[in-house]
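Enquirer: The following block contains the structure, expressed as structure tokens.
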Amino acid sequence: MAAVSMRLPVARKAVVPSAPRGGEKHLVAPGDTITTDTGYMRGHGTYVEEEKLIASVAGAVERVNKLVCVRALKTRYNGEVGDIVVGRITEVQQKRWKVETNSRLDSVLLLSSMNLPGGELRRRSAEDELAMRDYLQEGDLISAEVQSVFSDGAVSLHTRSLKYGKLGQGVLVQVPPSLVKRQKTHFHDLPCGASVILGNNGFIWIYPTPEQKDEEAGGFITNLEPVPLSDREVISRLRNCIVALVNQKLMLFDTSILYCYEASLPHQIKDILKPEVMEEIVLETRQRLLDLEG
């Protein structure tokens, strides 16, 4: 008979969201007055009533000169040019693929916006169009970069670098996009033996670190060899650590994930998801990050 884990109820402590380096952000709820100064311009997430600027969504107030907007804490992904995203192919269409990227509308990957297998540089032919399903088919996961954003908010992607392309074996974790910290690079080979792609769209891909980069594949040849148990354990631990960080509203970037991984090592992988263990390891992670900034 399987062992049953039982815990006594305890009072939950309120978790204070991690403060950005610039100090506390001004958080507002719908209906809160942001400012009564008439000199400000109204941005996203705000409206004017009786000469007051009022929040229409719950989130953090952002000011750029005289423009005031509210960035919602829980929202779909809003694409920006240059973002790194992880997406799933939902449909193969004429000369393009539709991709689910956690945004309001499906994203688009054009046949002309990707590397051909082997990295060939040439115009796309009718044969390439017929072979589209051989490159990517429904259900395949890809990493890509945002090339442009259309007026309706839909996103156009490209995979014109060998670091982007089809993803092989690994684990996908979906998190709120607002918790993924923007960095110079979102591809990280962690010292614990696994790699992560932190998609700006809130899709995080955890996979075994490849022994060698296959530059000739052009991002289409995926390794389907069985993953060793040790690698699977590392990936599972990283996945549970990311879930713990999200649960405690801590920003996700390579250092916070690695510190959380190291703090979780005394515990079994399945125990990381217990509320009291989650709180303990994230508290230690937060303290190490504060010490690093200090």
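Just so it is clear, glycine is given a Cβ too, placed from its N, Cα and C backbone atoms.
Just lifted these from TrEMBL, have a look:
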DOMAIN    80-160  domain 'S1 motif'
Enquirer: I'm checking region-level scores; what's the whole-number mean pLDDT for the domain 'S1 motif' (80-160)?
Expert: 88
Enquirer: Over the span of the domain 'S1 motif' (80-160), count residues by DSSP class, listing helix, strand and coil in order.
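Expert: Going by DSSP assignments, the domain 'S1 motif' (80-160) contains 9 helix, 38 strand, 34 coil.
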